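Read through the structure below, which is laid out as structure tokens, and then see the notes.
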């Protein structure tokens, strides 16, 4: 019986010890930062996968699917190519004297006049597209001794045979075709674009029927250039009932220069000139519909927003557009390192600081305090450190956009077959530029993300050190982002620590006294586990002894009989 009483006393003594830190003479103050249940993964210089509370996508990966007609003037080519509109194909007459910022060519565009080719098609197309106008001025060329305004059934204008409206097909008059020698000076202060051509008959009979001479010749000159073309007579694939063809050429006459045309046959003469303008107009092949909306950036896929620094919708763009990169996604960290809060905090609901985990539910700030004292628990944000971090992060996105947005258009590149090697080289250069920009973009974002995370970590450390300097010897760093305060610290006291008005001298004596007392209790209570295990072992031993003694006593009295057989 004495043993049982002694063991009961030991158990009661062990569990009657006060839990350190749970009395009214101490308090706990923890510092922490905002956290979310599911963060966003970003890349930094040192880590390919680091979780942050918030991030902004930097790559625009989709278009609106339509081309906006504002603020750029969009001219829909419909079923006409730009060159057909330039030459005056009958079904493209609606484009005469039109202007544009962006001419949109459709995949269903077709020619509906006499068969032609342009030896330097891409250059002429680009030249006219960048001029942004089809403004045409008719001039009084004098063509003596020939028949003008030739036409063809392949180029009907209404029910009658016709021809390109900007060109004049000259044929023999009677049985003669004299040598033509015409000059046209440029007395204006702008460049003039003259379009002319050479007819290639399908047979020698057609050649003499139209031009008398068995072989014609066309020479067009300025002070800066000269082109001489000899017709190539021969049958070609039939197009709209014709096996002949026309080659289209062009000449630019500078102010003060003179255009000279010399020919003895096969001349497709100009009727005037196109007024050349300088600007940033362009052309784009696209089947996206044109709609009434606003967008600064246009791609063949449709307009895209330019509020992001990068895009991977299309390499071809017009306007102020994000830079094209290969990556589908690049995320810019706009929040701090995310460490989700641990849900289980022990039997007594202990709180922990930023070293263990972040705090979810902090909607009024990025950094803050949690406390546990005689009045309960509480939480408050630290607005000063929060604002310091936000001020430095804000503007990151705009700065990246300013560094990368193109203020010009990336035109389509076209080359003739004979320029295949140049095309291959140009493609290699463009691909290299894209690779370089893609690498630079990833590096730039990784650097910015590293800076953001280091910055937010630094603000947390600054707040922790500021609190440590206030508390001094009145509290002990618990190693998890918390301080154990060794004096009674009510809510007013906690608030003074948060706002920086805490006076450690007021509580110094109380803190020192409590520190020594609590340390002593903690030292004694450190043997509690040993006492419990020893008590348990002794109890088990005594129970076994009592049970064995009972069995032996019963056997002696005859109450229990034990037979052993061999």
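In case you wondered, yes, glycine gets a Cβ from its N, Cα and C as well.
As recorded in Swiss-Prot, the features of this protein are as follows:
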- 68-293: disulfide bond (DISULFID)
- 80-92: disulfide bond (DISULFID)
- 113-155: disulfide bond (DISULFID)
- 297-321: disulfide bond (DISULFID)
- 489-493: disulfide bond (DISULFID)
- 24: N-linked glycosylation site (CARBOHYD)
- 38: N-linked glycosylation site (CARBOHYD)
- 54: N-linked glycosylation site (CARBOHYD)
- 181: N-linked glycosylation site (CARBOHYD)
- 301: N-linked glycosylation site (CARBOHYD)
- 499: N-linked glycosylation site (CARBOHYD)
- 555: S-palmitoyl cysteine (LIPID)
- 562: S-palmitoyl cysteine (LIPID)
- 565: S-palmitoyl cysteine (LIPID)
- 1-16: signal peptide (SIGNAL)
- 17-530: topological domain 'Extracellular' (TOPO_DOM)
- 552-566: topological domain 'Cytoplasmic' (TOPO_DOM)
- 531-551: transmembrane segment (TRANSMEM)
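Sequence features, as recorded in Swiss-Prot, placed on the structure.
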residue: 80; record: disulfide bond; DSSP (3 states): coil
residue: 92; record: disulfide bond; DSSP (3 states): helix
residue: 113; record: disulfide bond; DSSP (3 states): coil
residue: 155; record: disulfide bond; DSSP (3 states): strand
residue: 181; record: N-linked glycosylation site; DSSP (3 states): strand
residue: 293; record: disulfide bond; DSSP (3 states): strand
residue: 321; record: disulfide bond; DSSP (3 states): strand
residue: 493; record: disulfide bond; DSSP (3 states): helix
residue: 499; record: N-linked glycosylation site; DSSP (3 states): helix
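Mapped onto three states, the DSSP output places residue 301 (N-linked glycosylation site) in coil. Residue 297 (disulfide bond) sits 28 Å from residue 92 (disulfide bond), taking the C-alpha atoms as the reference points. The secondary structure of residue 54 (N-linked glycosylation site), as reduced to three states from DSSP, is coil rather than helix or strand. Just so you know, of the glycosylation sites 54, 181, the Cβ with the fewest other Cβ atoms around it within 10 Å is the one at 181. In the structure as shown, the Cβ atom of residue 80 (disulfide bond) sits within 10 Å of 23 other Cβ atoms. Residue 321 (disulfide bond) sits 41 Å from residue 155 (disulfide bond), taking the Cα positions as reference. Cβ crowding, taken as the number of other Cβ atoms within 10 Å, peaks at 297 among the disulfide-bonded residues 293, 297.
Here the C-alpha separation of residue 489 (disulfide bond) and residue 499 (N-linked glycosylation site) works out to 15 Å.
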